[in-house]
């Protein structure tokens with residue numbers, strides 16, 4: 001059994017170490033092959049040559065494991081990667097010594113292990129070092145297009161938030177180029193004195209290339225901090241051999257031939273199919289192919305390499321560090337001098353004026369916006385819709401003025417906190433929206449989280465939800481949530497009898513008098529029992545003669561007199577309605593008048609005693625708030641407040657249809673009476689109530705909070721902005737800004753006259769009695785329709801009876817005249833049958849005047865339809881036998897067989913009908 005380490009390097013310094021360890025492991029045979037770097041470091045190696053000559057020709061020689069040793073930093077890792085990949089194909093375990101490249105992953109190299117961690121582990125050590133030195137502001141410099149550099153930056157960026165480290169900038173250095181002083185100035189022109197240089201793949205080469213250029217530009221940078229793995233090549237080799245020693249015990253139970261030469265090895269032999277993987281698993285000691293918790297050395301490099309401290313734990317002895325010039329520990333990197341500020345157009349905090357040229361903002365003085373004299377200073381700001389469309393604005397206001405004062409910095413301070421800023425606008429302040437793929441931040445919060453802005457100013461409320469994703473300064477203005485509504489003054493008293501009722505009720509009452517009077521007149525006029533006399537049975541009429549009129553008919557004047565007499569309870573009525581429908585409406589009108597008169601009398605008696613209740617809201621706990629339309633601004637702190645609190649869930653649902661996008665839209669809606677109440681920050685509502693006398697705030701404050709300056713998470717500017725706000729507060733500048741932008745913009749005090757008066761009855765209070773009178777009118781109309789229909793039927797029936805009597809009398813006269821002539825042949829007189837049924841009957845035809853036998857013909861009448869529908873509904877019979885139902889319950893029409901005249905009709909459920 002052979003154990004063969006392959007040395008891929010250009011030095012023979014470690015041959016004695018192999019020989020020494022081979023004596024300890026004398027029970028196994030070893031073959032040591034030293035492989036020189038056949039390829040120049042600036043040239044890409046020939047992978048085919050490495051695989052054929054090195055792997056197949058030398059390493060695959062019945063070897064059960066291969067060691068790949070690196071101890072020269074500038075050696076090309078692609079040689080080892082090619083060898084490790086080829087050995088993984090033959091399932092030969094390969095242990096890398098001194099190999100820290102990130103490209104050696106388990107997926108690509110299935111049988112590769114290493115005893116040294118990758119360079120990305122140094123990121124955590126750097127983070128601990130920065131925290132111990134109290135450095136929060138860093139600039140990371142890394143090699144361009146380097147796998148280890150990308151891996152380092154990824155780990156550093158992932159863990160820096162835990163250590164509260166802020167990266168000002170990531171700078172890529174192209175190692176293939178010769179850095180000049182001009183390039184160094186371009187890279188580091190914004191940063192002064194102190195740099196943290198992190199090199200990942202070829203650490204010493206990078207530092208040797210970067211530092212001389214930095215020293216030429218900044219002579220005082222002649223030393224730097226770095227991290228080096230405490231494990232040396234000898235200890236890493238010793239660990240690898242120890243691991244192999246324990247793993248080879250697995251092969252004692254197997255008699256298998258390891259791979260020998262690529263040409264003679266069968267792909268599906270026992271080693272490749274089974275033993276190689278099991279042997280690899282027996283020596284595999286971590287899923288990341290690396291030994292964990294290796295100690296790192298913290299080194300301070302300057303003109304001589306000098307060891308400061310060996311890190312057994314996370315500990316740093318700053319007393320042993322010799323800083324540049326022998327002075328105390330230098331301060332961290334100077335704060336950025338240019339900040340990207342974002343705000344939201346929200347008066348009085350931010351006023352905006354559109355302009356074509358941004359340079360005009362410097363020449364603006366006082367502008368009138370919505371009746372407010374905005375003094376300034378004015379700053380240029382932009383609003384970006386997309387990459388091609390940008391609108392220019394001039395911005396001023398409370399928040400903008402505060403930002404300009406914060407940018408001045410502290411006079412004679414130890415740290416220069418002055419900065420310049422560029423201002424742009426956003427639509428909303430933003431909230432956190434949770435979804436299936438995580439959270440999404442919109443508005444200015446999204447800009448801070450995505451590094452599109454450095455600082456946010458305006459009415460940005462501090463709450464725990466926002467503090468999870470961005471930093472806030474100390475509060476600069478405290479506020480709460482209140483309700484704004486339009487002031488509705490109490491109505492002035494009227495010293496008259498009209499005072500107890502509202503004008504709408506009086507108007508409705510007079511309309512009801514006219515409407516009821518007209519209805520009674522029309523119902524009585526069209527009723528057959530009120531306008532015409534009854535026809536006596538023995539009266540003979542002509543076809544075109546009108547029936548006699550009733551001399552006591554109720555005219556329009558008498559109907560109106562009756563209505564007014566009942567309303568005023570005078571009892572003076574000349575005539576009353578005669579028809580049933582009109583009389584029923586009159587009874588309903590009497591009840592209506594009784595209720596109205598009683599209500600008027602009672603309200604008049606108590607009118608000067610009772611106080612009128614408050615019409616507006618008294619606060620968020622007012623039970624009448626459900627009768628109001630109210631809303632807030634979407635995606636804001638107030639909106640989230642109602643959404644978070646379970647006890648306010650009903651209000652949140654009610655306000656959803658009335659929420660607006662901006663506070664200005666809500667103010668306009670209240671002034672236009674399209675919105676009853678607006679729930680928003682108390683500072684803005686008090687400002688609007690002072691500007692508009694018709695607006696007022698209601699209720700006490702709830703949901704107390706404060707406005708703060710928003711910054712990126714772990715921003716180095718957070719404590720400095722907080723100190724600046726406290727400094728402005730102590731100096732009285734904050735109070736001066738409040739008076740400038742809030743107090744001085746308020747108009748003169750609004751005079752609101754309050755009148756104590758009882759509640760007046762309105763149309764809504766008495767709507768029931770109006771419904772009563774309306775119902776009476778409807779019932780009267782229905783009865784009138786029934787009366788008219790019934791009257792027409794009776795009149796037609798009476799006329800028919802008169803026609804029948806006249807026809808019968810004429811027939812009798814003809815018969816008597818016929819019987820009077822004796823010389824004529826006497827014929828038998830037949831009696832006609834008018835009982836029309838299903839069978840034929842013998843009658844005289846009124847058209848051809850012959851004695852005939854009728855021809856019956858079935859037709860579908862009303863009775864057939866009704867009966868069929870009842871049977872189908874009650875018994876759920878199918879629709880197929882409907883024709884049978886119709887024929888069974890059909891009516892029959894009798895026709896004359898000679899002239900075709902329709903003589904009569906048999907109607908089921910009703911009397912037969914005779915046609916003349």
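Any Cβ shown, glycine's included, is placed from N, Cα and C.
Listed features, source TrEMBL:
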BINDING   461, 466, 638, 681  L-glutamate binding site
DISULFID  693-750  disulfide bond
DOMAIN    825-908  domain 'LITAF'
SITE      617  site 'Crucial to convey clamshell closure to channel opening'
SITE      643  site 'Interaction with the cone snail toxin Con-ikot-ikot'
TRANSMEM  17-39  transmembrane segment
TRANSMEM  505-526  transmembrane segment
TRANSMEM  584-610  transmembrane segment
TRANSMEM  769-790  transmembrane segment
TRANSMEM  857-877  transmembrane segment
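Of all the recorded positions given, namely 617, 693, the one with the smallest number of surrounding CB atoms inside 10 A is 693. Cβ contacts within 10 Å of residue 461 (L-glutamate binding site), excluding its own Cβ and spanning all protein chains shown: 23. Nearest Cα neighbour of residue 461 (L-glutamate binding site) among the listed recorded positions (617, 643, 693): 643.
Note: the L-glutamate site is recorded as 461, 466, 638, 681; in the same chain, 429, 459, 460, 462, 463, 636, 637, 640, 641, 705 also have Cβ atoms within 8 Å of that site's Cβ centroid. The transmembrane segment (505-526) and the transmembrane segment (769-790) are in contact, since at least 3 Cβ pairs between them lie under 8 Å (pairs 6 or more apart in sequence). According to DSSP, residue 643 (site 'Interaction with the cone snail toxin Con-ikot-ikot') sits within a helical segment.
Annotated pair residue 466 (L-glutamate binding site) and residue 693 (disulfide bond), C-alpha to C-alpha distance, rounded: 35 Å. Same-chain neighbours of the transmembrane segment (769-790): 508, 512, 515-516, 519-520, 522-523, 526-529, 579-582, 584-585, 587-589, 591-592, 595-596, 763, counting only residues six or more beyond its ends whose CB sits under 8 Å from a CB of the stretch. Taking only the Cα positions, the spacing between residue 681 (L-glutamate binding site) and residue 643 (site 'Interaction with the cone snail toxin Con-ikot-ikot') is 16 angstrom.
Once the Cα atoms of 461, 466, 638, 681, the listed binders of L-glutamate, are compared pairwise, the greatest separation found is 17 Å. Nearest Cα neighbour of residue 693 (disulfide bond) among the listed recorded positions (617, 638, 643): 617. Its own atom aside, the Cβ of residue 466 (L-glutamate binding site) has 23 Cβ atoms within 10 angstroms in the protein chains shown. A separation of roughly 21 Å, to the nearest angstrom, links the Cα atoms of residue 617 (site 'Crucial to convey clamshell closure to channel opening') and residue 643 (site 'Interaction with the cone snail toxin Con-ikot-ikot'). For the recorded positions given as 638, 643, 681, the lowest number of other CB atoms within 10 Å of the residue's CB is seen at 643.
DSSP assigns residue 638 (L-glutamate binding site) to a helix in the three-state reduction. In the three-state DSSP classification, residue 617 (site 'Crucial to convey clamshell closure to channel opening') falls within coil.
In the three-state DSSP reading, residue 461 (L-glutamate binding site) counts as strand.
In the three-state DSSP scheme, residue 693 (disulfide bond) falls into the coil class.
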